[in-house]
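Below is one structure, written out as structure tokens; the observations come after it.
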Amino acid sequence: MFFEPSIERHKNPERKGQIEVICGSMFSGKTEELIRRLNRAKIARQKVEIFKPSVDKRYHEEDVVSHNETSIRSTPVNFADDILLLSGDCDVVGIDEVQFFDEQIVSVAQKLANKGKRVILAGLDMDFEGMPFEPMPKLMAIAEYVTKVHAICMKCGDLAAFSFRLSDSKQKVMLGEKDAYEARCRKCFYEDKK
Ligand SMILES: [Zn+2]
């Protein structure tokens, strides 16, 4: 369980920002964890803004929607740089599906945190081949806190860190994921990998 930084720290005009990364495979509850932290920040009366890449059009245009339908209002943006312009005077910036952003997201996260904002980024850490999904590795390196959440292997019931693609497509970004992927543990992922 992740414990938030002291609220007092964020009331201080000289507050320090920070970067938090929530990573994991598909179906691991990344978005639920992002929403949990953002809702708690709202309860603390902090100003929260949420963004997601406009490529993610699986569900509703303006909501960050997780697989279990918990949702929160968000702004779809085309480029990482747009977040700098749109985040204004908020205290906390949440960004979902970070792996779909361009490389600029790394400097954007740095700039926001250096301005004193708490930046929470959620995304897939590995692609369907089990390789690091840029720009997540860089964000994990510059973050103060990294939380890896796990799904349950749909083959054996163990903890799962991999996203197994059921179809033969080699396309990296393939949406409409619910039917196309399974969460898998290491053993079950590499046993069936094509
Ligand atoms: Zn397994």
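Just so you know, glycine gets a Cβ as well, placed from its N, Cα and C.
What you are looking at is a predicted structure, and each value in this text was computed from that prediction instead of being measured.
Look at TrEMBL and you will find Gly24, Ser25, Met26, Phe27, Ser28, Gly29, Lys30, Thr31, Asp96, Glu97, Val98, Gln99 tagged as ATP binding site. Every protein chain considered, the tally of other Cβ atoms within 10 Å of the Cβ of Lys30 (ATP binding site) stands at 28.
Positions annotated as active site, proton acceptor by TrEMBL: Glu97. A coil conformation is recorded for Glu97 (active site, proton acceptor) in the three-state DSSP classification, outside any helix or strand.
In the three-state DSSP classification, Cys153 (Zn(2+) binding site) falls within coil. With a cut-off of 8 Å between CB atoms and residues at least 6 apart in sequence, the same chain places Leu159, Ala160, Ala183, Arg184, Cys185, Cys188 near Cys153 (Zn(2+) binding site), listed in sequence order. Annotated Zn(2+) binding site per TrEMBL: Cys153, Cys156, Cys185, Cys188, in sequence order.
In sequence order, Met26, Phe27, Phe128, Ser163, Phe164, Arg165, Leu166 constitute the residues six or more apart from Tyr181 (substrate binding site) in its chain with CB-CB distances below 8 Å. Annotated substrate binding site per TrEMBL: Val173, Met174, Leu175, Gly176, Tyr181, in sequence order.
For Cys156 (Zn(2+) binding site), the nearest of the recorded positions by C-alpha distance turns out to be Ser28; the candidates were Ser28, Asp96, Glu97. Checking the binding-site residues Lys30, Cys153, Cys156, Cys185, Cys188 for a CB within less than 6 Å of any atom of ligand 1 leaves Cys153, Cys156, Cys185, Cys188, listed in sequence order.
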